[in-house]
Amino acid sequence: MSTPANGKGRISQVIGAVVDVEFDGELPSILNALETFNNGSRLVLEVAQHLGENTVRTIAMDSTEGLVRGQPVSDIGTPITVPVGPATLGRIMNVIGEPIDERGPVNADTYMPIHAQAPAFVDQATESEVLVTGIKVIDLLCPYAKGGKIGLFGGAGVGKTVLIMELVNNIAKLFGGYSVFAGVGERTREGNDLYHEMIESNVINLEGESRMSLVYGQMNEPPGARARVALTGLTQAEYFRDVEGKDVLFFVDNIFRFTQAGSEVSALLGRIPSAVGYQPTLATDMGALQERITSTNKGSITSVQAVYVPADDLTDPAPATSFAHLDATTVLNRAISEKGIYPAVDPLDSTSRILDPMVVGEEHYEVARGVQQILQKYKELQDIIAILGMDELSEDDKVTVARARKVERFLSQPFDVAQVFTGSPGVQVKLEDTIKGFKGLISGEFDHLPEPAFYMVGNIEEAKAKAAKLMADAA
């Protein structure tokens, strides 16, 4: 039985992020929030286990340095509650909803608990409409569904964060609705960059109305905060969906850190690990989060989640568990990034539920499959090329290889958010221009253009202009 709010306890043991609290009366419920004060600031603890008759084991949401045994703790009586609604827009908050942008308190009228049930099956809605991103390789080969769940998979340093930033930039700017960005266990510098990028593009307006709220629990935070910050962001997105009936964009960078923090917490709680050292509740934890990210009859949540792939192994339990929940998967490949092709999306490994002629139309489907076919053929010929050289190929195969190399380069694209590094301005390409360009490429219409003309351009007209410039320079 749970204790009434304000049950009093005292700290009996502190081991890193795990704090044991003794209560004389009834114990607080599992997932209840407890609060104490550490060096003058509020510290929230979340109940994880009941030990014996009068002790609970809790996970701290902030550093436990400075806590002492015997220190008083009070039970709030509910799970962690965070501010939701329009007051959160344009603000940066931490896992417990406190502002960390030095712009005063968040004056929200409504607070909601971060733990909630997923919407009932009958309330869920599915629609199959393409969400155009302006990024050629995504729109053509693994189109995103409005109200769907999208995963960006990649190892260390292949461009997940740059791609998610570009998606925030392209979609959140054009998108009239609200967006929520949850930074889970990633670099503080990137969080800071995103904030300033959003201010520059007026998605966050410091004086007027903003369209995005940010929730950060970065790499330096204890595991309790990293394991819960995605739920804090999701709670804010759910409010806009359920109460205000809005279509919401929900970005998470990085969902792997949520799993990683869960694994750290699990080890601290003394649970026996499962495969590769992950927590035994890996699938349950992931399911509890992912099932809440869905579209209902009231509104939709379209989520884009970056998923770090440890050691580039897609069969690792953490990325493998998240695959099952997604509508579209965009896989980033180190071999492609080594060729200097960015975004380094693997055109043969990336999939989408809506790449279907009934949804995207016959022409789009045929062109996408044609592109994949030509790239697959090139992949099969690479062994022969490596051993015998290009000269041993048949004439048809030589044409296929030449086209495939152009297709590969045409799948690259300069990004707005990378402009400071590359010096070339970013471009967004309309879906019809993307289809037109690739249709011409695979049918041989542009066989006369040189390969470099297709690298880091937007639509096919830009490639033609670049080819003319290259020829003029060579003359």
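Heads up, the Cβ atoms here are built off N, Cα and C, so glycines get one too.
Feature list (source: Swiss-Prot):
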BINDING   GLY154, GLY155, ALA156, GLY157, VAL158, GLY159, LYS160, THR161  ATP binding site
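Here the features listed in Swiss-Prot are placed on the structure.
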residue: GLY154; record: ATP binding site; contacts (Cβ under 8 Å, 6+ apart): LYS160, ALA306, VAL307, TYR308, VAL309, VAL331, LEU332, ASN333, ARG334, ALA344
residue: GLY155; record: ATP binding site; contacts (Cβ under 8 Å, 6+ apart): TYR308, VAL309, PRO310, ALA311, ASP312, LEU332, ARG334
residue: ALA156; record: ATP binding site; contacts (Cβ under 8 Å, 6+ apart): TYR308
residue: GLY157; record: ATP binding site; contacts (Cβ under 8 Å, 6+ apart): SER337
residue: VAL158; record: ATP binding site; contacts (Cβ under 8 Å, 6+ apart): LEU332, ASN333, ARG334, SER337, ALA344
residue: GLY159; record: ATP binding site; contacts (Cβ under 8 Å, 6+ apart): LEU332, SER337, TYR342, PRO343, ALA344
residue: THR161; record: ATP binding site; contacts (Cβ under 8 Å, 6+ apart): GLU186, ARG187, GLU190, ASP253, ASN254, ALA306
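Close to the recorded ATP site, the chain also has TYR308, LEU332, SER337, ALA344: residues not among GLY154, GLY155, ALA156, GLY157, VAL158, GLY159, LYS160, THR161 whose Cβ is within 8 Å of the site's Cβ mean position.
In three-state terms derived from DSSP, GLY154 (ATP binding site) belongs to an extended strand segment. All protein chains considered, the CB of LYS160 (ATP binding site) has 27 other CB atoms within 10 Å.
According to DSSP, GLY159 (ATP binding site) sits in a coil region rather than a helix or strand.
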